[in-house]
Structure formats: structure tokens, C-alpha cells
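A.B. asks: Take this structure first; my questions come after.
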């Protein structure tokens with residue numbers, strides 16, 4: 001269908017990557033590979049590539065300096081590290097020495113690397129192909145003397161892919177993003193969720209043209225072209241509700257409760273300290289998930305005990321007595337860490353990851369446990385163990401924690417044994433949850449869904465299976481019921497908790513503790529307050 005000549009509403013399905021609604025004109029962003037450049041002498045071509053790489057590096061360094069987001073800074077640091085790696089550009093310089101033009105040599109060197117990432121079995125590595133495309137196209141633009149295309153605010157951008165650096169340099173106020181490529185686990189999707197930018201992926205953009213009116217429904221994973229008056233009115237109403245929900249979330253300074261007055265705990269998921277700078281602890285009931293992977297990623301050496309302790313201590317102090325749940329290193333799967341995770345894992349999501357890796361690398365695990373034990377005396381700290389499958393894993397972690405607390409006390413240091421809980425994300429653990437000696441339970445819906453449904457959440461052809469089913473909700477209800485009977489807390493910290501459309505179903509299962517991304521606080525709080533009980 002040609003959307004320029006047809007005024008009939010047309011709905012295009014994709015996959016949700018970041019929730020929210022955007023209404024506005026469509027902007028088709030085309031990032032063509034530049035080849036419009038005359039070849040000069042070998043020495044001139046080599047210097048041109050050196051200059052383009054260095055300019056690109058400076059561009060990214062300047063952009064990183066403007067950001068106050070540790071996730072974003074880590075992404076750009078990864079790209080800068082790639083540009084600093086002489087092995088990346090070495091094949092291009094060899095081709096230039098053989099007489100090839102700098103731009104064609106750069107393409108020939110980088111495109112095979114991108115293809116390798118694209119074909120990887122691991123979704124994490126497939127998602128990183130976007131970083132290489134970003135670097136490839138940025139250097140090509142610098143070689144051609146081109147400037148980056150400006151993206152005005154208030155538009156819905158449709159593109160083949162979106163480089164992280166372009167996303168970070170864009171003013172997204174009232175806008176949204178539609179991609180053919182990408183996945184919910186890509187760097188751009190992570191950034192979109194943290195910034196409240198609606199985003200969908202897996203969309204056929206071939207017939208989309210700039211200028212047409214559009215609605216982006218990031219909650220349902222749909223793009224509507226030429227919405228009629230009724231559709232526009234409906235989505236404008238939802239936009240108003242969305243803005244009101246965000247405002248109420250930002251102003252939240254007390255407990256949230258259902259329509260019947262039942263109190264519900266609402267906490268946040270965080271990656272680093274930067275996310276807390278724009279928040280006040282009075283806005284939330286605590287930190288339900290603090291991911292520690294950022295401390296280990298994109299660096300040459302593993303973090304020391306003191307480095308980790310300072311971060312954990314500051315988290316606890318920020319919370320001012322409210323609970324802070326810190327997850328021990330969840331490396332592996334979609335979070336490989338150089339020098340730590342095993343590159344030869346045939347199936348990373350079912351391999352040596354989470355607690356399995358920690359118990360294999362006690363030299364690294366004990367350092368983290370010591371830092372956590374020291375931080376436990378500074379606030380209301382709780383420690384969560386990821387990827388627990390059998391009771392013996394949790395028992396061993398508890399024993400190791402006791403031993404490091406004893407060591408620290410013997411050395412005259414202040415240390416305490418915090419509550420030790422488990423991430424319930426493996427079906428075997430959810431089914432037999434009563435066998436585990438956990439002080440609390442945190443349900444990881446992302447992995448639980450894909451393990452129960454035997455479906456990767458990054459596979460577009462199986463998007464329907466990657467959504468929560470009755471089987472998933474039954475397992476959630478089983479865990480919540482067991483926790484209630486034992487007098488223990490059960491919370492849910494996966495993406496499911498941050499989806500306002502799923503809040504009622506989760507409350508129906510008895511769940512009364514949610515941990516969500518900061519951007520989802522308002523919508524989830526609104527959904528909880530409207531809940532009046534099972535229909």
C-alpha cells in the first residue's frame with residue numbers, strides 16, 4: 001500500500017521495545033553508506049582514514065561528556081574502545097596500501113565484522129552489530145565531509161536501524177522510534193526505556209514515507225499510518241493519561257495502593273548511581289533490583305573490593321533506610337564480560353551464567369561478597385542471587401557469605417550478613433520453590449518467560465510465544481503463594497512488572513511488590529491505583 005496516496009488508516013505490527021505512545025509526523029531516516037569520494041595517493045588516503053577515525057572518536061568523547069547516564073556512557077565507551085583497537089582498522093590500512101580508496105577499504109574491513117555479529121547465536125552479540133554499523137557509517141560520513149542528519153523533536157523516526165550515538169544526540173521530546181532491525185535487548189532499546197521514548201522493532205518500513213501522520217503504540221508494538229479522527233482522539237486521550245501518570249509518578253511521595261485500599265510496594269530497577277541523581281527516595285519504596293554488571297563491563301581490570309563497596313554504600317545511603325536489593329554478578333547469557341565469561345559456551349543462555357559462573361570463579365565472587373558484607377552495615381541492604389536452579393547453589397552462597405563476614409570481623413572490619421534471596425527465573429526453581437532456603441524471592445520474568453515458552457524474546461517470528469502465558473502466570477502465583485505462606489517477600493523485577501497492561505493480571509496472582517524502570521513508575525502506579533480486584 002502507498003501511504004502517500006491512501007488516506008485510510010493502516011496498522012503495521014512490530015514488537016514492543018519501549019512502552020509509551022507517540023503521535024506525530026513520520027520521518028524516514030536514511031543512513032546510506034557514503035561512497036562519493038575521489039581516491040588520492042596512498043599516503044593521503046591513509047591519513048584521511050586516520051583523521052576520520054580520530055574525528056569520530058572525538059565526536060563520541062564529547063557526546064559522552066555531555067551525558068549523565070552510566071548506561072549511555074558505557075555504550076559510548078564501548079564504541080570508543082573499538083575505535084582505539086588498532087586491529088579493527090588494520091585490514092583497511094592494508095587495502096589502502098594496495099591502492100584501494102579509504103572509504104571502500106573501510107567498508108571492506110568493517111562489513112565482514114558486522115556480518116559475523118549479525119550471524120551470532122547469542123542475542124547479545126547480534127545486538128552489538130548496531131554499534132559496529134554506527135562506527136562504520138560515522139567514519140564514512142567523516143571521510144566524505146558529511147554532517148549528521150538533524151532529527152527534529154516531535155516526530156516518529158522510522159529507520160533500518162538506529163545507532164546508539166545518533167539516539168543519544170537526538171532530542172526525543174514527544175517523539176518515538178520505529179526500526180526494522182534491532183531487538184528489545186539492543187543498546188538503543190535499553191536507552192529508549194530509560195528515557196521514556198516509545199519504540200518498536202521488527203517493522204517493515206519499505207513503504208513508509210516522511211510527512212505522513214502516524215501513531216506509535218509502544219505498548220502493543222504497532223505503528224498506525226494515517227489514523228482517522230477517532231483513532232487520533234483515542235490515542236491523544238492515552239497520551240494525556242500517560243503524561244498524568246508520569247507526573248503522578250514523579251510526584252509520588254507516599255505508599256501506592258489499589259482502589260480498595262490494599263497497599264502495594266513499588267520499587268525501582270537501577271544499573272548505576274547516575275539514575276538516582278534525578279530521583280528522591282521519597283518517590284519509591286526502595287530499590288528492588290540493582291544490577292552490578294555495569295561495574296564489570298567495558299573495563300580492562302575487574303573492579304576491586306573497595307570500588308564495589310563505595311557504590312553499594314552510596315546506594316544504601318541514597319535509599320535512606322528503605323530496602324536496596326543488590327543482585328550479585330549476573331554475567332553470561334546476554335551479558336558477557338571479557339576475561340570472565342566463557343566464550344566457548346555453546347548456548348550462553350543455558351550455560352555457565354549467573355550463580356553458576358560465580359561459584360566457578362570464587363576469586364571474583366568472594367571479592368563481591370566482601371564488598372556487600374561491608375556495605376550491609378551502612379543501610380537496609382539485601383542480596384539476591386541470580387540464575388539459581390537447585391537449592392545447593394543458594395546454600396553454598398549463604399555459606400560463602402558467612403565465611404567472608406567472619407573473615408572481615410576477624411580482621412577488625414565492620415561487616416554484616418544481609419538477607420539472602422534468590423532470583424526465580426528458572427522453571428525448575430519456580431516449580432520447587434519450597435525447597436529453597438531463601439529470605440526473599442524476586443521473580444525474573446524476562447528469562448522465566450523464555451525458558452517456560454522455549455522461545456527467545458529476540459526472535460521476531462515467535463513474538464506471540466514470547467508473551468506471558470497462563471503457564472507463566474501460574475508459576476508466578478505459585479511462588480507468590482509460597483512466599484506468603486512462609487511470611488517472606490516476593491517481588492517481580494522483570495519487564496512484565498513495568499507493563500501497565502499486565503499489572504492487573506499480576507495483582508490477580510497475589511503479587512504485591514513490583515520493581516520497575518524509573519520511567520515506568522507513573523504508568524504502573526496508575527494501573528495499581530485503578531485495580532479493584534479480580535474481575
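Using N, Cα and C of the backbone, Cβ positions are placed for all residues, glycine too.
Among the features that TrEMBL reports, active site, tele-phosphohistidine intermediate is placed at 187. What TrEMBL records for 493 is active site, proton donor. Here TrEMBL flags 425, 447 as Mg(2+) binding site. Residues or ranges marked as domain 'Phosphotransferase system enzyme I N-terminal' in TrEMBL: 14-128. The domain 'PEP-utilising enzyme mobile' annotation in TrEMBL covers 152-221. As annotated by TrEMBL, domain 'PEP-utilising enzyme C-terminal' applies to 254-529.
I'd like these features described in context: how deep, what's nearby, how far apart.
C.D. replies: In three-state terms derived from DSSP, residue 187 (active site, tele-phosphohistidine intermediate) belongs to a helical segment.
The local packing around residue 493 (active site, proton donor), expressed as other Cβ atoms within 10 Å of its Cβ over all shown chains, amounts to 29.
In the three-state DSSP classification, residue 447 (Mg(2+) binding site) falls within a helix.
DSSP places the residues of the domain 'Phosphotransferase system enzyme I N-terminal' (14-128) in helix, strand and coil in these numbers: 75 helix, 13 strand, 27 coil.
Mean per-residue pLDDT, taken over the domain 'PEP-utilising enzyme C-terminal' (254-529), amounts to 91.
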A.B. asks: May I ask you to report the DSSP-based helix, strand or coil state of residue 493 (active site, proton donor)?
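C.D. replies: Where residue 493 (active site, proton donor) sits, the three-state DSSP reduction gives coil.
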A.B. asks: Round to the nearest Å and give the CA-to-CA distance linking residue 187 (active site, tele-phosphohistidine intermediate) with residue 493 (active site, proton donor).
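C.D. replies: Between the alpha carbons of residue 187 (active site, tele-phosphohistidine intermediate) and residue 493 (active site, proton donor) there are 19 Å.
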